[in-house]
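Read through the structure below, which is laid out as structure tokens, and then see the notes.
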Amino acid sequence: MEMFIFRPEEYNRLYNCAAINVDDVPLEKRQHIPEAIITIFLCLLYYILYIPCIISIYKHLDLPVYRLIFFISITNCFILWMLGFLHGILSLFGAVFCSYSTLIYICGCVMSGIWITVSLAEVSLTINRCLAILAPNLEKRFFGGWRVSVWIVASLIYGTSWCLYVKPVLFNGIHFTWFFNPFIGYTEDYNSVIHIIWDMSVAVGIPSMYILFVVLFNIKVHAFGSTKSVSHKKKMMFIQVFIISMFNFMACSVYVYMMYTIPIEILVHFAQFCWFHIHAFPPVIYLILNKTIRDDAKRLVYGILSKYPRCRKVKRIFATSNMLYPVHTVSDS
């Protein structure tokens, strides 16, 4: 972004579209209509699911872990409209960088910054959870009170620096994804080493820390014994860890591979949907695996339905559900 604002000559040298004729690649080869429609629909659905989750998380900001989750959720919502709505619309139009160069460049800078911010915040969240299991006193020392805000601000500052100073990813309708090369499909002579290093670090680092989290959780359970409740939490935690780890690992790994060669189309689309779901899928995980958020969401929906007499049948379902699954405290989540 800094280059675009303060060094227009350098920007024009790297991103000048004068030698590119967009129509050299036929429109039908630049459009991915079914995938675009699916992406837009899923984006709308996930935004709806985020609403009760964020409302619930906001109620528990006295806990450091929920402050981190709240920050990650809000940040995900900022990037989701670009990975969902904008991505889908550009795909419907068959756009490439030179179709809307300014829009795509600015959004690419913002997306790169948010991706780095979320990645670093997820690392902080993983460290928080590991310390909470192995050394609760250290968790309070490093994340208690105002200290958790330091981790959040550090993520924001680092992500902002990427937004300003690192070359961004740019949309390419030919492959239905975002590349560092603005002219991919027309010329093939550019990649970003610093992005490759970061993505590879995320691909290996975050899953490794989540695996460590599972190991420490098992050590904790075996050391102090296990009840049915703990056993169920153990299974739910493993599923959550597995899903998040796989999305990060698969998306980052394929994106690093794509910097050197264009894989088959289905693999590129798979990587794009993995990246999309890194930011979009958390509310599904929260609603399935986190009883605090799930119960808050039930009460929110029940409260809305209670205002409409015609919804009595649905209200009874939620009322019965709340009886079957009573409200748990945050410490039980």
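Even glycines carry a Cβ here, placed using N, Cα and C.
Those TrEMBL annotations? Automatic predictions, nothing curated.
As given in TrEMBL:
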- 36-58: transmembrane segment (TRANSMEM)
- 70-97: transmembrane segment (TRANSMEM)
- 103-127: transmembrane segment (TRANSMEM)
- 148-170: transmembrane segment (TRANSMEM)
- 190-217: transmembrane segment (TRANSMEM)
- 238-260: transmembrane segment (TRANSMEM)
- 266-289: transmembrane segment (TRANSMEM)
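Counting residues 6+ beyond its ends, the transmembrane segment (266-289) has Cβ neighbours under 8 Å at 32, 35, 39, 42-43, 46, 49-50, 52-53, 56-57, 72-73, 76, 79-80, 83-84, 87, 118, 175-178, 236-237, 239-240, 243-244, 247-248, 250-251, 254-255, 258, 297 in the same chain.
Sequence-distant contacts of the transmembrane segment (103-127), counting only residues of its own chain at least 6 positions beyond either end whose CB sits under 8 Å from a CB of the stretch, comprise 1, 4, 15, 65, 68-69, 71-72, 75-76, 78-79, 82-83, 86, 90, 95, 97, 142, 151-152, 154-156, 158-160, 162-164, 166, 168-171, 178, 182, 195, 198, 202, 205-206, 209-210, 213, 244, 248, 278-279.
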